[in-house]
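Take a look at the structure below.
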Amino acid sequence: MHPMLNIAVKAARRAGQIINRASLDLDLIEIRKKQQNDFVTEVDKAAEDAIIETLKTAYPDHAILAEESGESDNESEFKWIIDPLDGTTNFIHGFPYYCVSIALEHKGVVTQAVVYDPNKNDLFTATRGRGAYLNDRRIRVGRRDRLADALVGTGFPFREKDGLDAYARLFTEMTQACTGLRRPGAAALDLANVAAGRLDAFFEQGINVWDMAAGSLLITEAGGLVGNYTGDADFLHRHEIVAANPKIYAQMIPILNRYSRVHPAAE
């Protein structure tokens, strides 16, 4: 295992221990509302602090971009992108679908990825050019080649002015185009499950970089494609993502393209 990935795994497991301990008595957790339908808990903060401490002990000069504490002001060609608890709403309701997501970006390219599911003790890892793994077993995206047969994950708009009407139209189209649409509520884990072939595809708009950085590398290392709704590979800071194996990806783009908020550079 790459040494930087090894440190990220250590950090993710530390965060997972904090999350698991807290999940034993959810009534004691302090919950704060960041904005409409968007929550943060003391557990998010404690998990994030543990991750940052672990990473900074090993790599004190690396930059940090984390969901709760924001972006560090130091300049470095290495940047850790962290979501300490993706699926906070699930967590506070006791719905066991959430994860820790950690990615390392080197000169703007994601090179290391960890997504850790503390409920199942499932550890998804990837190093650029070395494949994607689930609990040390090599994983690949699914083999289905028709969107009509695909199980597709997504995320629903949950904030005001997030385009719910447009999404409702897209939801209708995609529901008719695939065999089933699922919204578990933790994008990083959804992407990891696409990499493992448990879901055939995933799409979401209004998504943040820390929700998709690690998962996107897992998918490409597992043989899949990742891009924005236009099909362009420029997605990481565009707040929209589609991911699937190459054949299903190609069938999703004509549907998603009409709903994209990204305008190609040529336009």
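Using N, Cα and C of the backbone, Cβ positions are placed for all residues, glycine too.
Around the Cβ of GLU67 (Mg(2+) binding site), the same chain contributes ASP44, GLU48, ILE82, ASP83, PRO84, ASN208, TRP210, each under 8 angstroms and 6 or more positions distant in sequence. Look at Swiss-Prot and you will find GLU67, ASP83, LEU85 tagged as Mg(2+) binding site.
Listed in sequence order, ALA15, ILE19, THR41, VAL43, ASP44, ALA47, PHE91, TYR98, CYS99, VAL100 are the same-chain residues six or more apart from LEU85 (Mg(2+) binding site) with CB atoms under 8 A from its CB. The 10 Å shell around the Cβ of ASP83 (Mg(2+) binding site) contains 34 further Cβ atoms across the protein chains shown. Within 8 Å of the centroid of the Cβ atoms of GLU67, ASP83, LEU85, where the record puts Mg(2+), the same chain has further Cβ atoms from ASP44, ALA47, GLU48, ALA66, GLU68, ILE82, PRO84, ASP86, THR88, VAL100, SER101, TRP210, ASP211.
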